[in-house]
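Right, one structure below, let's go through it.
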Amino acid sequence: MTSWRNQATPVAAIVIVLIAWELLARANASPNMLLPPITAVLADIWANLEILLRGVRRTLTETLLGLVFGAAFGFVAGAVFAQVRIFEKMFFPLFVVSQTVPVIAFGALVVMWFGNGIMSKVVIAFYLTFFPVTVNTHRGLLSVDQQRVDLLRAFGASSWKIFWSLRLPAALPSIMASLLLGVSLSLIGAIVGEWFGDTVGLGILLVQAMYAEDMVRLWSIIVFCGLLGTGLYGIVAWFARRYVWWGTEY
Amino acid sequence: MAGSALDRVETDKPYEALAVTGKAEASAGSPIIELAQLTKTFDSSGQKVVAIEGVDLAVRPGEFVTLVGPSGCGKSTLFNIVSGLLDADTGGKIHFKGEERQGKELLGTVSFMPQRDLLLPWRRVIDNAVIALEVEGMRRKEAREKAQVMFQEFGLAGFERHYPHQLSGGMRQRVALMRTFLFERDLMLLDEPFGALDALTRVMMQRWLLGIWQRHRRSILFITHDVDEAIFLGDRVVVMTARPGRIKLSREIDLPRPRDPHVTTTPEFLAIKADLMEAIEEESMKSFMSQDERG
């Protein structure tokens, strides 16, 4: 009973908000429709499903590629920084500086370097993703309990064995936390990347709808951006809960 | 490290014989480990702190030596040196089976169990138990088979595939002990293994450890600050002084084995305890006073 209620309460809240939205939108109905009724948005989605799904496919591809490259690079960089102090001293400050420049400032440059195709979006998504993964990998690997390291050393373990059997698993919860952040950032990177020019993708659809002042279409695209973000986040969160269930404290 | 497999073959068998005949023979033979004039100074922000000073200590094959002392007397420092995690100051000597060794050369030669169980939460109980074997390069499957036969003896049968967080404190401690036993070395260092357990569980674990030790006959160096525990378990009790830690006295415990818990209420036991308590209280007082001064 209680668990049923716990689940029902947020759903009820959403339904109430949606109904209020619909009523408010109908009461203020105007040609501009600053806030279009939900029913209109749903109708628009249904009518343009093919275009929207094509946009989702493209943006999803960019997001995933950006995430995979960003996570892989971020992990390797974090691991190298944790194991080799001299690299940490030399390059970590550069990583921090790179993140102080807003990615938008690089946008035009990236398009000129990597062309108008998918690559430039992947690069921007990558640029936003790798840093949190680097930081959390680095911190996770180093914050491992020294007594556990000593125990394995006392058994005669090499630092390689200690890395694989202790440091990495101990760091996984914080690495997974950075991936959850990364998945949202990668999606932002992909959408923003498309604004610098392309023909397909949710970001492009957004820009087109904006210039056409098509308020209903704008909301249709926002719905899909939301679904994409929630879906990706949900998958990573599920994976983390299922396979990396131990916390950072034990 | 290469000789470790050979060492085991040489040494395992004779101890089984010792287990039957008892202590007198166990005391014979050259020491497994011999510490001579070990000193360790820590340098904490310019201040020199002497943790242990001039420690002489030898453990004979099959002997169970318990080490008591006030908190902060450097017992753990001593263990870290013997297990190879810390370097002693120059001048001290460690002979392991007659060979002089120091610092890192000792890593992997003794079986070390720290105070906390330090189980890895992501590994199942059986995989926690075999981690030292894995470090030695044994295949996971083979290591598991080797561990499997010990679960009954360690009271963990049926819990092989559980995770550490599903076990009670006493069971986790037994897993940690099993991990220590599976790393077959002639000398085991146990650092207050039952310190965190409640009194009842602790007594059960002590009896159980004696049983295991009598069957396997490894040499054990056991840290505790519980005098009853030290006398009940040990062939010999060694008392350390307050910081800097030195050996204050070493006393043979000639209570007959196997010992059952009733031995702790016999006049012989109480006489030994009175003796040791006097020495320990003197030291506890010193460390208490010096803490007072600092505070």
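Glycine too: its Cβ is placed from the backbone N, Cα and C atoms.
As annotated in TrEMBL, transmembrane segment covers the listed stretch A:218-240 rather than the other ranges in A:34-56, A:218-240. Ranked by number of Cβ pairs under 8 Å to the transmembrane segment (A:65-84), the listed stretches A:90-115, A:122-142, A:218-240 are led by A:122-142. Within the chain, the transmembrane segment (A:90-115) has long-range Cβ neighbours (under 8 A, six or more residues past its boundaries) at 77, 81, 123-124, 127-128, 131, 134, 138, 189, 192-193, 195-197. A Cβ distance under 8 Å defines the sequence-distant neighbours of the transmembrane segment (A:122-142), meaning residues of its chain 6+ beyond its ends; these are 62-63, 65-67, 69-71, 73-75, 77-79, 81-83, 88, 92, 95, 98-99, 103, 106-107, 110, 113-114, 163, 167-168, 170-175, 177-179, 181-182, 185-190, 192-193, 248.
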